[in-house]
Amino acid sequence: MSGLLARYKFIFAVTVFLTICGSYVANKLPISMYPTVNKPNVRVTLRPMQDAYGFYNQWGHKIERSLKTISNVVDVEGTYKQGLVRYSVNFDWQVDPEIAKRDVAAIASFYHAQLPEHEPAPIVDILDPSSENYFIIYSDKFNNAELSRLLDEQLVPMINDMEGVAFSRVSKGNLPFVNIRLSPYKLIEYGISASDVIDTLNRHQYDLKLGELHSKTQGKISLKLNKSLSNLDEIKRIKVATIAGSPVLIEHVASVFFDKEPNRRHFLLDNKDVVTLAMWPKPNANIYQVSKEFKRVVNEFVEGFGGVAALNDPQRFIDKAIESILYALLLGMAISVFVVLVFYRKLSSTLIICISMPISLALGILIMRASGVSINLLSLGGMSISIGLVVDNVIIVLDRIERARKQSGLLSFSVIVEAVRDVTSPIMVSTITSVLVFLPLAFSHPAVSSILRDIVLVSSSIIISSLFISIFLTPSIYMLFCKNRPARKMNTKEKESTAPKYIVFLHRHVWLSAVVCLSVISVSIYLIADAKGKLKTEIIAEPKAEIIDVAIDFNEVGVSKIRKLEIIKPIYDKIKSELDSEVNYVYMDMRDNIVFLSLFLNSYKQFETSMDKLSKIDFSNEYSDVSYSPFVTAALNVKSNPDLIVKVLGKYPEQNRLILKEVYKISKSDKGLIKKVKNIPGDRKSKSLVVNYNELAINNLLESGLSDDKFKEIENYIEYSSEPRKLYNLKLQDQELPLKLSVDKNKDQISHIYEVPLVINDHAVYLNDLITLTNQQEWRQYYSRNGELSYQVNIWFNPSVNKKQIEAFKDRLKAVLREHYPDGVLPIAFEKGSEDSTLAVISLVESLILSFALVFMVIMAVFHSYSRTLICCLSILFSISGAMVALVYFDCSLSVNALLGVLILVGLSVNNSILILDQYIKFKSVLDLSSAIYMSVKVRLKSLAVTNLTTVGGMVPLIIGFGPGEDILRPLGVSVAFGLISTTIFTIFTMPFLLTFIDRKEPFVREEVAF
């Protein structure tokens, strides 16, 4: 060591160089809200023609079970509605999203090949709603329709070509298409069926490849038949048949024209129609960088004819959160410096502390760069925690050098080396224990290792760099600027010390020491057990939302836009009346059967107030069901599982849905406990018309009956009479438009279907002669999990709700249901929905136990004594009890970030005991027992107070919280700060008792001794 310290100028120069490198690299690090977490949720969307329940029975359960066989798939959920089927394929942790999407797409394509030809291809995507960029585009030169088309044709392709973009889309007004409207009477006149027209059009979907020609000079030349269509005239002139030598063209039996279909989705801002542009990044893309580039491209494109207003901007949200944590980090550093200045009252010591902190951060940034860690909330949180540990080690060295300087009266090279050598051992042990506690996380649950990777890496690298800074850099700075500076020598009174009377008393009454120690240990264990039952578990605390989504789910299907606005108006007015001061503006996303009112708050600070006000509004009405939930921008891409699942296991679906309705009603009414509740599959029904063949009429009118192709002909008429149906897309007028077929109609749909004429077996008949239509109500939605129909209510509790309250809610729910269903056993079962959070907490507890064992072995290797090692490890118990009580007091959850703070305490808390015990052993060789105990505490008291106060000071900004991300790191700051305060107080208080007890057989001589 003396050889290295002799090169103090070289050490200082290398440190300055590394600090400059780290400062430069800091501007190059990627920025994100969270570390990259891979737990893909792949969505498959199908739009089958078959009815929902029939599709499930024939295909759905097979598709789900096939998807479940994919490697690393946890479960598959399927929702079945008329015309829309969606599968949610949930993968395990640490699965590459692109591989997951590829495997799911392979299964989806396999089944699509077996479906009827006209079924549209499945859509397979991985969407994270919280990462979407949602902008409003406005213009003073174009109306909404013109603006939407301009963006769709020119801007959207540019965005989709950007690196890291999954896809983007722009809202549209009326959707154009090419309509071929068949005239039934013309078809009868020419003796042509609808199937003939359909087959003819399908033959013109694309050019036909005929083969290849081989040329000596030009090589292979592709030969194709031009069959595709490029304009309306070509469509009109397509020949369908030849009658009496004359061709029958499409225009003879149908009218061909451009038509528009009203968009079923509408977007309004404060009740005004707007054009929106949305973009979703790819799963592994850096949301911050993609959002930043997206904003640049959009702003450049609209410059000159319009402007942009951001609805959901992840870059802005991340910037605010990161800036707040950086502010908290700088404030923590300032508090640490102030504490050192107050205790030491020396500018030189304060300046060394000021220098050591940015140097340690710069060294940590270099390691972040090398290991691919981004600047995010957790990596910055790691810096906030670790900066206090850097100060701790530097203060210990400074304190020892100052004491050596006072003893010798002169600060020479040999005095500095000897002082540093004296504290090297305890510093190395405390550093090893602080880093060693992270080792078990490498073997923990993937949820833990994925989320905490960055914070662990940053913390470990800065703690290790603190070893270099304290043992080598701090002495080097002293030797550069303070060498050979005279110091005031200690006087006789400062040297002398006598053990206080209470230590002498404890030594003579050992049983009292045992009682005190056991009492303190018992209280600590009780506090931990009591707090554990009051804390709710979750994976990671989420930041406060700036957006609240109010979902209005309509009871009826196919409600018109005007009627929807009528139903929404009283709900909208109530919200504006109650939350007028909190809500900046309201964005409306109007879909087929549901409307989302997105309430954009003035500030995240108003989130809790807004949620409280919403809970007091009575939204009950006979036309819709209203629910609300926070929308967190740039949230951790992990599916939010419910806290509790109430499953109904009865034999009869009708009864199951009735019980679900009652469970949902009871749960939703308990707003004090429950944050969100979802009824799956629900109890709503939709109206439908069922087509039945009139077999008797068919046999009477048509003696030979109907062949399969004639039945198909009838089905075509019915299908294309109800609404225009898409055949395929074709490119016309430089845009891709759907080609749709319909049957001429001039009355309301029901009577029109009855009056459609057609020729069957040379008989002219009406559909009314062949079919009957009957009204029927059917379930709007079916829900299946892993191929089995399921009936359940998903419940998310408020963060403050504990396990006892959840159990009481279950008992109350069962009691109410028994009143409605007194006979027999209730067919309900309770499942814990948030398995990942439970497993993550269990995994962290296991890591905590393993960390304790590792720390125990390290201390044992240093002190070679079970009793002294146990004394050091008891401080861990004190720190955990303080942390758990504080988490309950500050209303924090038992999340991964809270337990990480407890894990860090395992390494931190033993440092106090190690330093006191190390000093005690040294004094014990020259002093009597009571004086050794007293002097070891007295000598280390100042440095312990300063080091712990600086660490706690660094946590204060995290506890207070700044910015929308304040709730993420608060549990970490609370557990570390209050755990450290607890262990410091208890360690200093109980250490004399413990040392007196374990060394009670040592001879005791009361005398004054020299220090």
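Sequential numbering from 1, following the chain as shown.
Each residue, glycine too, has its Cβ placed from N, Cα and C.
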Can you say which of 545-565, 629-649, 944-964 is given as transmembrane segment in TrEMBL? 944-964
Proximity of the transmembrane segment (896-917) to the transmembrane segment (839-863), 3+ C-beta pairs under 8 angstroms: yes
Paired segments the transmembrane segment (839-863) and the transmembrane segment (419-443) in contact, 3+ CB pairs under 8 A: yes
Does the transmembrane segment (976-998) come close to the transmembrane segment (455-481), meaning at least 3 CB pairs under 8 Å for residues 6 or more apart? no
Between the transmembrane segment (976-998) and the transmembrane segment (870-890), do 3 or more CB pairs sit under 8 angstroms, pairs being 6 or more residues apart? yes
Close approaches to the transmembrane segment (377-398) from elsewhere in its chain (Cβ under 8 angstroms; 6 or more beyond its ends): 33-35, 321-322, 325-326, 328-329, 332-333, 336, 340, 344, 349, 352-353, 356-357, 360-361, 364, 368, 419-420, 423, 426-427, 430-431, 434, 451-452, 454-459, 462-463, 465-467, 469-471, 474-475, 897, 901, 904, 908, 911, 915, 943, 946-948, 950-955, 957-958, 965, 968-969, 972-973, 976
